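Worksheet for the structure shown next.
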Amino acid sequence: MKNKQNQITIIYILISLVLAIVCFKVIPKYATLDQFSLIILFKDFLFILLSGLILRYVLYKNDIKNSAIFEKLKKKNDDIKESNERYDIVSKATSDTIWDWKILEDKMIWNKGIEKLFGYKQDQIGESSKWWFDKIHPEDSIKMSIKLYSFIEQKTEKWQDQYRFKCADGSYKYVLDRGFILKDEEGKSVRMIGAIQDITKQKIEEQRLKLLETVITQTKDSVIITEPDLLEGNIPRIVYVNPAFSLMSGYDSDEIIGKSPNIFQGPNSDNEEFKKLIYAIKNHQECQIETISYKKNKEEYWVKYSMSPVYNSDGELSHWVSIQRDITADKKQEVEKEQLIRELTQNNKDLQQFSYITSHNLRAPLSNLTGLLNLMEDIPIENPELKEILDGFNKSTHLLNETINDLVKVIIIKDNPSIKKEEVMLKEIFENVFSQLNFLIGLHKPIIKFDFDKVAFLNTNKSYLESILLNLLTNSIKYKSETRKSKISITANQIGDTVILIFKDNGIGIDLVRNRDKVFGLYQRFHDYPDSKGLGLYLVKSQVETMGGTINIESTVNIGTTFTITFKNKYI
Amino acid sequence: MLDTLLFIDDDPITLMLCKMVISKASFSKVIITAKNGEEALQYFDKLIQNNTENKKIPQLIFLDLNMPVMGGWEFLDHFSTDKYSEYNDIKVIILSSTVDPEDLKNSQKYPMILDFLSKPISKEMLEYVSTII
């Protein structure tokens, strides 16, 4: 440009010089002296006019050129302004975080999205790429750096990556980062602009779906998914089976997809169950089916499955999901169990019958003995030795009778798990018990206190309660301390609908450290007492439990024993 | 005091015992015994055939349950038939050593059964029976 200006200037000077020399040489030859000064003046005017015209032309040309440049620049400026405005609008409108990285200077700027998405205030944001890399989850950072640098070095054309970005609160968000690069005239990467999108929700959903998929593929239960509608009366076509199904049935997924599960049916399949299934599918109802199914090799197996409708977001039936389980082993076990129960029930019945027959056969001669002894009571016996023998005979018979009666009670309790209850007056029951123990009470004279003020009536089985109290009271009197006056207290309390009977004595007690687990056992005797049968507490516990109650014992050797009996006092 | 009592039991000792207790308690003038249900039915068969007026018709039967040849229940089944209809008003007391609850349940099927008592027979038992017949 400058060269052109110099050229024009030199040409102008040269033309001017030539004109001046020409005028100097020519004018003196043709002009008179008078005319000389006039001609010189005319020449100068002419030269000035010519110079002015040339200058005007040059200025005019220049003006046109400048104006075109100005217009061009103005337009470019407007374009840039508009583009900047657009960028501002887009960056405001998008939920993405936009970053701008001047690579050579390592300067990085972020738009306001960084605060919206990740909670960073402007003063928390670093100015270099280091700040960015520091925020990337350590597990993702290496992989991400490799991809990014290979992009910058132009080994790849596009760059996008997923990684976890740390928020201001320390948590991480899954992000999708996409960027493009700006190059200088030499094609070197100088600037990179990117947009970060929060994909945490998608990622969580993706993980959830992956988990669900894992469940379906890993579960031991077979899963079949079918189309929604019946196919000419057949079960809808299969669209998916999981590996467990292939394992169970022997069918690979590609040989079964697109077919109706009707092919699992066979001669021994339950037709009623099939009808039930078709009905449920027709009516879009969930159902449970148990039937015999057939494997690919035609082997039978018992299968139990559910068939559940699946609806899409528009509420339309989209599929059926069936969860199936091979229950062949369970079925076999069930049959065996039933057989075992039948056998046990029969055995039990036989044993029960045996116990009744045995009891009868023992009781029959025993009743004769008792009857005969009763008759002998009226016959005077002179011989003291015979009298003693008969006394022993009498006592033994009596004890045998009691034992057999107790055994019979046990048999009857075990045979009758539910018993009839009635409303009884506690005091009345105790009076009955006392009258039966008249002899024993008269002999040992224990101090007996009872308090039934709080529970006058009890809904119970009268004969069981009598038997329980008779046994406990007999024990307390029999196993009294030799050194202390025997004291027995019986109290009844009611809490809500629970009645608590507390039976306490100061007798010789039972060593519970050694015997706690045996106390209520059958044929357990803890004291060397001649007519102890080892049946009493077993009978008591059986009777309490048959009435739906519980019994507990606390005892200390040589201090005493406390029995706590609880049962529900319900009036049905 | 009853005129005639029929005692059906297979055990001779029980029979002996009963005779002694009954006569001591002056419960019945005559005690007829049968050692099983069949023998008892034969006794009634004879009564049916015998048209004389001097028939010893029992007013009460003590019946055991477990007996050889014909047990107590089988006897009652036969005895309830039309054949013995003229004797259907005779009351029966079961006297047994059974503990089987089924027997007790069974006894409710026969209206002629007055009570179900447990052996042995005793003076007190007879006093009680006197109050219910």
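Backbone N, Cα and C atoms are what each Cβ position is placed from, and that goes for glycine too.
Note that TrEMBL annotation is computational and uncurated.
Feature annotations, reproduced from TrEMBL:
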type: DOMAIN; residues: A:110-155; note: domain 'PAS'
type: DOMAIN; residues: A:159-211; note: domain 'PAC'
type: DOMAIN; residues: A:208-284; note: domain 'PAS'
type: DOMAIN; residues: A:285-339; note: domain 'PAC'
type: DOMAIN; residues: A:357-571; note: domain 'Histidine kinase'
type: TRANSMEM; residues: A:9-27; note: transmembrane segment
type: TRANSMEM; residues: A:39-59; note: transmembrane segment
Long-range Cβ neighbours of the transmembrane segment (A:9-27) (under 8 Å; 6 or more residues past either end) = 36, 39-40, 43, 47, 51, 54
In the domain 'PAC' (A:285-339), how many residues does DSSP assign to helix, to strand and to coil?
-> 12 helix, 30 strand, 13 coil
Helix, strand, coil: count each for the residues of the domain 'PAS' (A:208-284), based on DSSP.
-> 38 helix, 11 strand, 28 coil
